[in-house]
Amino acid sequence: MAKPLSISSHPSVHLAWRAYFEMTKPKVVALMLLTVLVGMCLAMPTILPVKPLVAGLLGIAMMAGSAAALNHLIDRRIDGMMARTYNRPLPKGRVSARRALLFAALLGSLGFVILYVFTNPLTAWLTFASLIGYALIYTAYLKRATPQNIVIGGLAGAMPPLLGWTAVTNQFHGHALLLVIIIFLWTPPHFWALAIHRRAEYAKVDIPMLPVTHGVEFTKTCILLYTILLAIACLLPVLVGMSGPLYFVCSSLLSTGFIYKAWQLKYQDSEGLAMQVFRFSIYHLMLLFMALLLDHYLWA
């Protein structure tokens, strides 16, 4: 009597796809897509057209996932030596380097085609430039070359609102660049707070993060200064008439909270404060862009 087909291989297939999905850094991409969506919405005074909305979000997400996978590939050696990242798919051998490269290439290529065909070539090429900036210029070079790696490389990570804007308008606009400036200034205190918490691990793998090369106190001062600069930048949408009172109130509260956290980090000696600043920065960016979105539709 014939035996029924076995489905015992299904769990391994499921685990394999989970490994590939993990390489795309879905939580990071999700936050990035929020800023893309806000860029799209602020660019249009009316309801967004469906095709560039869907194609733009999908294509940008795929190319961002490709960049993240390349980051996993390039950093696989140091990831295996750090407590925060040792369990990633490549250090654990769940995905080979060859398959990771193929996955990143296919995902990025498909995302580029979607953007080029269904949105516009400008957005496709800008997203490709961001991919190169993050995966190759930052990850492969700047990260290992200078303690200003986050500052210089942060430009690539600040591009999503501009990508969203161009996806629906096919043109640059100064308002989109204001959103880029906000994320650009948000990036250093966000990552430096994490670097303070993980400074011993970065030193172990010879990554010249600012706390490793210039010390923790200097880094805390830089975090505080950047949060003040960020607070000023967050007011720019109001000053140019891009946003109204709702955003102004939300932005002011969020900036006050961020500066307070950075002040605590600088002047209070507590090991857990660095991670508090890191976590607060994530909520800060998410809520700030949600406030931009709500203000656009409720106050306009």
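Every residue gets a Cβ built from N, Cα and C, even glycine.
Feature annotations, reproduced from Swiss-Prot:
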TRANSMEM  28-48  transmembrane segment
TRANSMEM  54-74  transmembrane segment
TRANSMEM  100-120  transmembrane segment
TRANSMEM  122-142  transmembrane segment
TRANSMEM  149-169  transmembrane segment
TRANSMEM  176-196  transmembrane segment
TRANSMEM  222-242  transmembrane segment
TRANSMEM  243-263  transmembrane segment
TRANSMEM  280-300  transmembrane segment
Practice item. Report, as numbers and ranges, every residue of the chain located at least six residues beyond the transmembrane segment (222-242) whose Cβ falls under 8 Å of a Cβ in that stretch; write 'none' if there are none. Key: 42, 174-175, 178-179, 181-182, 185-186, 188-189, 192-193, 210, 248, 251, 254-256, 258-259, 261-263, 265-266, 277, 288, 292
Review point. Between 28-48, 100-120, 280-300, who has the most Cβ pairs under 8 Å to the transmembrane segment (243-263)?
Key: 280-300
Practice item. Rank 28-48, 100-120, 122-142, 149-169 by Cβ pairs under 8 Å to the transmembrane segment (280-300) and hand me the top one. Key: 28-48
Practice item. Using a Cβ distance cut-off of under 8 Å, indicate which of 28-48, 100-120, 122-142 has the most pairs with the transmembrane segment (54-74). Key: 100-120
